[in-house]
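Before any comments, here is the structure.
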Amino acid sequence: MSTTFTLDTSTSRAHPTPAPMKRLTVPAIGQRKGGQPIVMLTAYTARMAQLLDPHCDVLLVGDSLGQVIYGLPSTLQVTLDMMCAHGAAVVRGSYHSVVIIDMPFGSYEQSPEQAFASASRIMAETGAAGVKLEGGEAMAPTVAFLAQRGIPVCGHVGLTPQAVNALGGYGARGRSAEEEAKILRDAKAISDAGAFLLVIEGVVEPIAAKITREVTCPTIGIGASVECDGQVLVIDDMLGMFERTARFVKRYDDLAGRIASAAESYAAEVRSRAFPTAAETYAPK
Ligand SMILES: Nc1nc(=O)c2c([nH]1)NC[C@@H]1CN(c3ccc(C(=O)N[C@@H](CCC(=O)O)C(=O)O)cc3)CN21
Ligand SMILES: CC(C)C(=O)C(=O)O
Ligand SMILES: [Mg+2]
């Protein structure tokens, strides 16, 4: 366990310590309702956090790291150990954004007490500002339990990937009147329980706009609505790194293609002995 929450750059001449920026706070994010849209991206590593931090308000260490970093089939296999290790790395790499860590499947659903034990471990080991958990009405008492004990909570309703088996897939939610009413009740319950932020994922657009108007905390959309108080995307998806992406992803780059072509160039130069040259080798005295 590390208690040093700043990135040690003493051995890294390539990445000098950036100019100090005051870190945003959870209350400052909570006050952004209806104001300047909240910019949120996922990050899983210290270096990516360093690069994204100046441009974001919130960095989410998402349990999507199961698929994105570990090649697991879903988020259900992600562990508290993984979230703590990556969470601490992202906190070390960031100076300005509020860092939120996803609570992994199985670490909070059993009881508010179980959730507090897991969340307090995440907070202590990572230095993050808060946690995120999935669920609606059934999780509201847990959100209140954590919030009343000093742990800021971000909710997550609509398409909740940890419930993929119960939902039957990753399809958009809220197409029936019953589903729409349930998602609205879920959002209100989580906001009323004291969540400081609410992610709305994969719902038909009018529901996300309606939730945003009717709950007191700011909302963050992913496949939801431009009317939300902010937006989030998985970083690998928006960089064009992840092979299979949902309709709600906009690709801002093609890093997969650029990495493949860099590897192809390197391979060709090794095979032709064009690399290394004098510039990349050590001359004797
Ligand atoms: N890289 C990545 N990006 C994510 O957004 C993400 C993860 N991983 N892992 C955790 C969850 C899983 N999510 C997903 C996964 C797949 C779809 C998807 O393929 N959606 C299809 C519709 C699927 C269906 O109708 O069954 C789409 O076309 O949008 C959506 C969200 C969102 N989260
Ligand atoms: C997509 C976001 C909201 C998330 O929960 C994750 O990255 O795990
Ligand atoms: Mg998640």
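Even glycines carry a Cβ here, placed using N, Cα and C.
Listed in sequence order, HIS156, VAL157, GLY158, LEU159, THR160, PRO161, GLY221, ILE222, GLY223, ALA224 are the same-chain residues six or more apart from GLU201 (active site, proton acceptor) with CB atoms under 8 A from its CB. Feature annotation from TrEMBL assigns active site, proton acceptor to GLU201.
The annotation 3-methyl-2-oxobutanoate binding site is assigned in TrEMBL to ASP63, SER64, ASP102, LYS132. Counting only residues at least six positions away in the same chain, the Cβ atoms of THR42, THR75, ASP102, PRO161, VAL234 sit under 8 Å from the Cβ of SER64 (3-methyl-2-oxobutanoate binding site).
Cβ neighbour count for ASP63 (3-methyl-2-oxobutanoate binding site) (all protein chains, 10 Å cutoff from its Cβ): 29. If you look up TrEMBL, you'll see ASP63, ASP102, GLU134 marked as Mg(2+) binding site.
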Close-lying binding-site residues around ligand 2 among ASP63, SER64, GLU134, where CB distance stays under 6 Å: ASP63, SER64
Filtered binding-site residues, from ASP63, ASP102, LYS132, GLU134, whose Cβ is under 6 Å from an atom of ligand 3: ASP63, ASP102
Residues satisfying Cβ distance under 8 Å from GLU134 (Mg(2+) binding site), sequence separation of at least 6: HIS156, VAL157, THR160, PRO161, GLN162, ALA163
Other residues, Cβ within 8 Å of ASP63, SER64, ASP102, LYS132 Cβ centroid (3-methyl-2-oxobutanoate site): THR42, LEU60, VAL61, GLY62, LEU65, THR75, VAL78, MET83, ILE101, MET103, PRO104, HIS156
